[in-house]
Amino acid sequence: MSEIINIAVLRRMSVWPLGMGKGVVVVVVTCNDGEYGINCRFDCSRHCLNDEVCNKIDGSCRSCADGYTGIKCNTECDAGKYGKACFENCGACLNSTVCNHITGDCELGCEPGWQNTAQCKTAQLVNSNTKAVSSTTYANYAASRTVDGNTDQNASSCSHTGVRRDITEAWLRIDLGTVYSVKSVKFWYRGDRGSAYYNTLRLLGYSLRMSNDTTVPPPESSCYNDPGNVTLPTIVEEDCERTARYIWIYQSNNPVNHFCPILAICEVQVFGCETGHYGEDCSKKCDHCENNATCGIQNGECDDNGCASPGHQPPLCKECYTGYYGEDCSKKCDHCKNNASCEKQYGECDIIGCAYSGYQPPLCKGCILGMYGLHCEKNCSRYCRFVDCDRKTGTCLDGCKSGYIGSFCNQTCLNGKYGQNCREICGHCYNNSDCYHGNGTCLEGCDPGYWNHECKTPCSDGRYGQNCQYTCSGNCVNGEACDKTNGSCRFCVDGFQGSKCDRDIRQSPTDLTKEMDIDHLKMERMMLENQKTEKDIKRLEAETEVLPPFVNKQTVVNISSTYSDYSVSRAVDGNLDQSVSSCSHTSNFGSIKKAWLRIDLGRVYSVKSVKIWYRDDTCETGKYGKGCSQKCGACLKSTACNHITGDCELGCEPGWQKTDTCRTGSLLFIACLNGTFGLNCQYNCSGNCLDEEPCNSTDGTCTSCSPGWDTVWCNKTCDAAWYGAGCKFQCGHCFGEDNCHHVNGSCLFGCQKGFTGDLCFNPCSAGRYGQNCGYTCSGNCENGEACDKTNGSCRSCTDGFEGIKCDRDIRQSPTDFKKKMDLEDLKIEKLMLENKKTQKEIQRLEAETEVLRVRKNVLLRLQGILSELSKVVVQLLNDKKE
């Protein structure tokens, strides 16, 4: 079996001929691991995931290590990005420096206001734009002092609520500007000397509350309630996990029994993450909480809200329950072996396998092509057109293969019909016999006048008889062709007569003899054998008697040819014994077209009648040869062979062939050799039967086909989009919708956009898109959504980005605005650089080719000159002879 080898992966290919007609040995050396391209001239990137070896044709990696992107994983993340598929955004690194493209660490530390984790992602949410409002204000101690960045605890740096007897509550409200996932709240209380007694006691029993509007929130919105029994420090920090825009420090108690509740707060800081993130550095994303609710900022749990899908496992809602899979865990595993759970991303049962062999791997969700039933345990009819049937009923979906009809394609064509939907009519099969219902082959040969396997082709001019095996006499008048069924002519040319114009009557009267061809001899024999009574035989003898002594031992007799020692003299020796040993016999070599016996009476007589004794000790039916010891071969329609030669005059049964032994003129019948079938073994098998088994010698069908081949003769590759054994497997998402390889299902030109894997069944993972999933999403889709897996587009962009892929940064000032090229442009530039060497190589080869072309033209001209000189020399020699 031949195999297509992509020249791009060849390091060396050597060819050694084995000799005339014996083929060649081809030794192919492919690229080493870590090399790729034409002549293996390029080194693979060192950044394929898990040190995987790159593709030896184009250098691509299936996935990249953290910090790298591109189809070859040789491009570092863009500035501001890091991690797997460059999907993560850098934190607030000091002086806007770039974080590490692999880990995301800010090597110089964090900007002010951000927690000092390695990645600077936990923000201090209060800044110069933050607004603060208090329930009341005492003198000029405004609430704005609590968000001015000054942590001095002297009264002059602090806010202070009003002091009146009618005040029943005191509060400070911090407006973060938008909703955040708050992690903790820290505030500095007034602590100047001489007032500490009041300051700390005034806080007893306070609460921290959260809201998304400016209405004073109810007690149940509190994330912290001070028990009121312990003296508080002047710097307070409490964990307060809520999702909110407004932070409230609320006091309705009057712990010092003063005029009213009072708050004297100097500075407030709020720590947290953007909504949808959680963890120490806000680097983790909330996933799949019900109604897109945010998760716990510390651990990401969706306890209060539950999971968006029942297939998600709470409280994190990140993993699928056993038996579920998919991006949102909404799909159920089906039919994995031993009820095992499937792989949780794609639902595959690859390692475990399917519960029943008829299920379609790897998902085990439906039946493989050619199977149906509750557990895909039943086989579709092998005669369904595409070996496919309804998964429940088994009825063939796209009709039947040639020669079959019915809902299940289990009925062969009626007599006289064949082909697709039994629409074709059989040809001129011998004696109105049936043709093969699949391809119309006449199994018993053709009626006289027709040939070819369908017996629809008339004999060509000059041929006649069954399968057009006989040649016309050539003596029809005006060169007309003989009748194609029996060889007869309408009229004969001068000198010939008979229905076939095959008797030559041009001899002189003195040499007139009775010349009988083989057909007449057979007719005489049949006449003698078919006499029913002795009276009939005597009547025939009386009609054919020749008066003695016209024929005797001295009569001159000739014969057209002699077989073995059956001499012509036996015909006039006076012995009337009709056994073979007493008779003459003509030869039966294939070159002999006529047989005759000529008697010379010596002079001209008026002949009244002729009496002939023909051999009558013929062999019993099915035997032939000397002593009738040989058995006849497989003659067509079980007819008897020639009792002398063993020749099957109508030809062989389908599946048998006739071979001349060239020893005694007898014929030997043998079964068709492997690779042939049909009448006289005239057709070649397809060569695609399973395990190289020979086809059926009668009709050429195979028991089963090799993978990639279809029809009962295995002479057609799988239909488009199908491959493998029985053409039961559907191709993956091949690039450009080209068909996959009909044998192994591989996509010859890679995958469609959005898919990857050897057979292109796997969708791109989140953050990847394009052909073979070779491109990385921008990471700027709104709410952290994954981009479209085919073209990298986003439904909408995060603030500061635009474009279909959200890959254009519009946050720069006009003076600094630059055109940012996407990954495809960079790749084109790189390919142009890489191809410079190739272009030089092409130019060199073209130059060498031009030199060879010139040399070839010179040689051709020299050859012409030499030819002309040769002619001149020959002419000079001839002139010299004359």
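The backbone N, Cα and C atoms fix where each Cβ goes, and this holds for glycine too.
Here is what TrEMBL records for this protein:
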{"type": "DOMAIN", "residues": "43-74", "note": "domain 'EGF-like'"}
{"type": "DOMAIN", "residues": "379-410", "note": "domain 'EGF-like'"}
{"type": "DOMAIN", "residues": "428-469", "note": "domain 'EGF-like'"}
{"type": "DOMAIN", "residues": "471-502", "note": "domain 'EGF-like'"}
{"type": "DOMAIN", "residues": "680-719", "note": "domain 'EGF-like'"}
{"type": "DOMAIN", "residues": "776-807", "note": "domain 'EGF-like'"}
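A contact between the domain 'EGF-like' (680-719) and the domain 'EGF-like' (428-469) is present, since 3 or more of their C-beta pairs, 6 or more residues apart, lie under 8 Å. Confidence over the domain 'EGF-like' (428-469), given as mean pLDDT on the 0 to 100 scale, stands at 87. Among residues of the same chain six or more beyond the domain 'EGF-like' (776-807), those with a C-beta under 8 A of the stretch's C-beta atoms are 64, 69-70, 81, 85-89, 276, 285, 752-754, 763-764, 766-770, 820, 822-823. Residue counts of the domain 'EGF-like' (776-807) by helix, strand and coil are 3 helix, 5 strand, 24 coil (DSSP-based). In the domain 'EGF-like' (43-74), the DSSP tally of helix, strand and coil residues is 3 helix, 5 strand, 24 coil.
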